[in-house]
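For reference, the structure is listed below as structure tokens.
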Amino acid sequence: MQTVTDPVEMQTISEKLRLGRQLIGVVMTMGALHEGHISLVKLAREQAGTVILTIFVNPTQFGPNEDFHRYPRPFEQDAALARSAGVDYLFAPEAGAIYPEGFSTAISCSGVSDLLEGEKRPGHFSGVATVVTKLLNITRPHLAVFGEKDAQQLAVIRRVVTDLNIPVKVVAAPTMRESNGLAVSSRNIYLTAGQRESAGAIWRSLQHALDRLAAGETGLKELAEATATMIASESGFRVDYVAFVDEETFMPAERALKGRSYRILAAVFAGGIRLIDNACFASPTHIAGEEA
């Protein structure tokens, strides 16, 4: 595995790989690697001959009162994990290399980025869209793998790639989970043992919502409210939001229609730690009580 810190050097390497007809896959991370990240690397490895992993704690996607300065940065451990996972190139630039003096460009993506995480974390998705676009331009991959845990981020990236005609295939990878259903996340290290156990209620509650949809419920707004109540009751955590969106448009949805797919998303505070998760439901072609 070769570690690269200079964007120009990384671009040069990728250009040579492309000239050699090597299929390039990229996995973008902020470090603090865990088994979820490794699963993304494995998926990239299945589809590409060369895998690039990026580690960059992006300052522009953190709000003023968020955890940028204390976000874990165990670089040596991350590098060892990346090497053992079969990563070919580790791209780990400093902030000044990505945002040099005079940098003044930002990408905004209206619509999908305006609700939920976008509403709760102003400027977050602009930071995400900008750094992802830069990293795509630097690594020049044929495909980029992102986890479904950050479902809204995935939707934003897909929108940006489509709107800006970026020639890359966006691949979604399923969420890795701990034994109690808690979505694997770098921020889970902040949780106490008790919080970690209680956090299993998030996934149980989302699954319960999908079960109710499968049983014929169609009122998504009411079901989201009931799910928020269940999460709070079973975990003792403060719920930031629970909401349904249409899977195709990622716009808010209040009633399930036949033949449509919906995603329920939740954000929860376990003490001062913010956890997010989601689950997808594919509606049958007929829903009880709905006219054909």
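Backbone N, Cα and C define each Cβ position, glycine as well.
As recorded in Swiss-Prot:
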| type | residues | note |
| --- | --- | --- |
| ACT_SITE | HIS37 | active site, proton donor |
| BINDING | 30-37, 147-150, 184-187 | ATP binding site |
| BINDING | GLN61, GLN153 | (R)-pantoate binding site |
| BINDING | GLN61 | beta-alanine binding site |
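The residue listed as 'active site, proton donor' counts 27 other C-beta atoms within 10 Å of its own C-beta, drawing on all protein chains shown.
Each of the binding-site residues GLY36, GLY147 was scored by the number of other CB atoms within 10 Å of its CB, and the largest score is that of GLY147. Considering only the recorded positions HIS37, GLN61, GLN153, the residue whose Cα is spatially closest to the Cα of VAL184 (ATP binding site) is HIS37. Classification of the residue listed as 'active site, proton donor' by DSSP places it within a helix.
Closest to GLN61 ((R)-pantoate binding site) in space, going by CA atoms and restricting to the binding-site residues MET30, HIS34, GLY147, is MET30. Taking each Cβ in turn and tallying the other Cβ atoms within 10 Å, the top scorer among the binding-site residues GLN153, SER186 is GLN153. Sequence-distant neighbours of ALA32 (ATP binding site) (same chain, six or more apart, CB under 8 Å from its CB) are TYR71, PRO72, ARG73, PRO74, ASP78, SER186, ILE189, listed in sequence order.
The distance from the Cα of GLY36 (ATP binding site) to the Cα of GLN153 ((R)-pantoate binding site) comes to 16 Å. Secondary structure from DSSP puts GLY147 (ATP binding site) in a beta strand.
Comparing LYS149 (ATP binding site) with the residue listed as 'active site, proton donor', their Cα atoms are 11 Å apart once rounded.
Look at GLN61 ((R)-pantoate binding site): DSSP puts it in a helix.
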